[in-house]
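Asker: I'd like to ask some things about the structure below.
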Amino acid sequence: MSKDIHDHRILILDFGSQYTQLIARRVREIGVYCELWSWDVTEEQIKGFNPTGIILAGGPESVTEANSPRAPEYVYTAGVPVLGICYGMQTMAEQLGGGVESSSHKEFGYAAVELIAQSALFNKVEDSIGDNGNALLDVWMSHGDKVSAIPEGFVTVAQTASCAYGAMANEEKQFYGVQFHPEVTHTKQGSRILENFVVDICKCEKLWTSASIIDDAIAKMKAQVGDDEVILGLSGGVDSSVVAMLLHRAIGDKLTCVFVDNGLLRLDEGQQVMDMFGDHFGLNIIKIEAEDRFLNRLAGESEPEAKRKIIGNVFIDVFEEESNKLDNAKWLAQGTIYPDVIESAASATGKAHVIKSHHNVGGLPDYMKLGLVEPLRELFKDEVRKIGLELGLPYDMLYRHPFPGPGLGVRILGEVKKEYADLLRRADAIFIEELHKHDLYTKVSQAFTVFLPVKSVGVMGDARKYDWVVSLRCVETIDFMTARWSHLPYDFLGLVSNRIINEIDGISRVVYDISGKPPATIEWE
């Protein structure tokens, strides 16, 4: 009998670091299941989760403050290996009898760590060799406090020029602490260090693979829904597309996909969705032409949040009407992913002990009485894309740039009109087409066009024209929390501008947005 892919599992306790989700993603990439819980989890909950090992993540607080977060005492008596990272190392040191103090030399950025003792955590890990023969590592630091004394039973494993305790270890108890961040790519050997902990020290097997995730999801969905029918709101986005493919494998024609064309999609997107999922993959899919309904409800509204709510509410109305026609549908499938689940719980610095449910379809009415099927709720976005590839979905679709839920409704500034949407989708298609042609699309993180509700004078031949303005937006980012505007070649921008103005009657001027995030947001609305 094959093993459950959740049999070996790592518990990551979150103290509020911006890098905490990165730790979880790195552990998953190694091939081991893990979950992210708040630092104030109870002993009973840890026992219930039954982790193979525990990682204490970083955080913005100071261990020297009396009310700052601490790991539950049970972490140190549970009998499993523990790794503390940055703040996690500091709270481990303080809780086990060592000392922590505010450092006069704060470290933020690259640092060279010298290994001065053997440890299972650093087995076969080095970037270079120092003059004294010790291994050196290039790592990423981000800390103001530092360990001033290690607990009894620990040895100092690594140091930097300004940090005497860069890493510590108690090999007997399998407790380890590192002051740097192995989860970020700037720490070159970071993945190897985490693999040493998860695989060699915790003895986890690599059971968490794309193929095993698919098999597990299909088995669970079959058991959950039995012979019942399931409905899915298919948008053509990554998450709902992967859910559709998983359910199709699990229950075949018992799945009905509802695709709502709201008139706010990208050029030819509706037909592409129908061709791919209906004709190519053979899914049972219903297309609802609802452009007039959405645009009529949006008429006269210019406030961004109000537009979002209208689009969401009309979608619910349309989806509910179609669902009522399917008498035997007992389940609603959703593309909820793990970051949604994390965000729906209280933040790591709050007081929620339990991960709470999250519904990514905004407020479907309770009276619909449909059970929820959420096969992606354990997965990060990169994992969803990988299993999408395994399921046969095309790379270009899975790795397409993000598109907002309200679609062009929030890329048209102010009131939404059919004329504006038609102009915008054509201009956007030209921009994206040229990015692909010039091999730039995969080198930027997100690119799109924005419709501005202002007119500008132009000249076409001998005639004066007075038409609309669009803005090109293109950014580069790692996490979408911060972003820099893309320094696209001037010749390329000129080409895109000329094509848009010459090929689209109704646009007289193209501008390029050179705002970073912060202070601007990536989307305009």
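Note that Cβ sites are derived from N, Cα and C of the backbone, with glycine treated the same way.
In case it helps, Swiss-Prot gives these features for our protein:
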- 9-207: domain 'Glutamine amidotransferase type-1' (DOMAIN)
- Cys86: active site, nucleophile (ACT_SITE)
- His181: active site (ACT_SITE)
- Glu183: active site (ACT_SITE)
- 208-400: domain 'GMPS ATP-PPase' (DOMAIN)
- Ser235, Gly236, Gly237, Val238, Asp239, Ser240, Ser241: ATP binding site (BINDING)
Asker: Enter the number of other CB atoms within 10 angstroms of the CB of Gly236 (ATP binding site).
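Answerer: A 10 Å sphere around the Cβ of Gly236 (ATP binding site) contains 20 other Cβ atoms.
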Asker: May I ask for the distance between Asp239 (ATP binding site) and Cys86 (active site, nucleophile), taken between their Cα atoms and rounded to an integer number of Å?
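Answerer: About 33 Å separates the two Cα atoms.
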Asker: Beyond the listed site residues Ser235, Gly236, Gly237, Val238, Asp239, Ser240, Ser241, identify every same-chain residue whose Cβ lies within 8 Å of the center of their Cβ atoms for the ATP site.
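Answerer: Near the ATP site, the remaining chain residues are Leu234, Val242, Val243, Gly335.
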Asker: Out of Cys86, Val238, give me whichever of these recorded positions has the highest number of other Cβ atoms within 10 Å.
Answerer: Cys86
Asker: Below 8 Å Cβ to Cβ and six or more residues apart, same chain only. Which residues does that give for His181 (active site)?
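Answerer: Set apart from His181 (active site) by at least 6 residues yet with Cβ under 8 Å, we have Tyr19, Gly58, Ile85, Cys86, Val139, Trp140, Met141, Ser142, Thr187, Gly190.
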Asker: Which residues of the same chain, at least 6 positions away in sequence, have a Cβ lying under 8 Å from the Cβ of Gly237 (ATP binding site)?
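Answerer: In sequence order, the residues whose Cβ lies under 8 Å from that of Gly237 (ATP binding site) (at least 6 apart) are Gly335, Phe403.
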Asker: Counting only residues 6+ away in sequence within the same chain, which have a CB under 8 Å from the CB of Ser235 (ATP binding site)?
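Answerer: Those within reach of Ser235 (ATP binding site), by Cβ under 8 Å and sequence separation of 6 or more, are Ser241, Phe259, Gly405.
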Asker: So among the binding-site residues Ser240, Ser241, who's got the most Cβ atoms within 10 Å?
Answerer: Ser241
Asker: Mean pLDDT over the domain 'GMPS ATP-PPase' (208-400): what is the value?
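Answerer: Average per-residue pLDDT within the domain 'GMPS ATP-PPase' (208-400): 88.
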Asker: Between Gly236 (ATP binding site) and Glu183 (active site), what C-alpha distance do you get in Å?
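Answerer: Glu183 (active site) has its Cα 32 Å from the Cα of Gly236 (ATP binding site).
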Asker: Taking Glu183, Asp239 as the recorded positions to compare, which has the smallest set of other Cβ atoms within 10 Å?
Answerer: Asp239
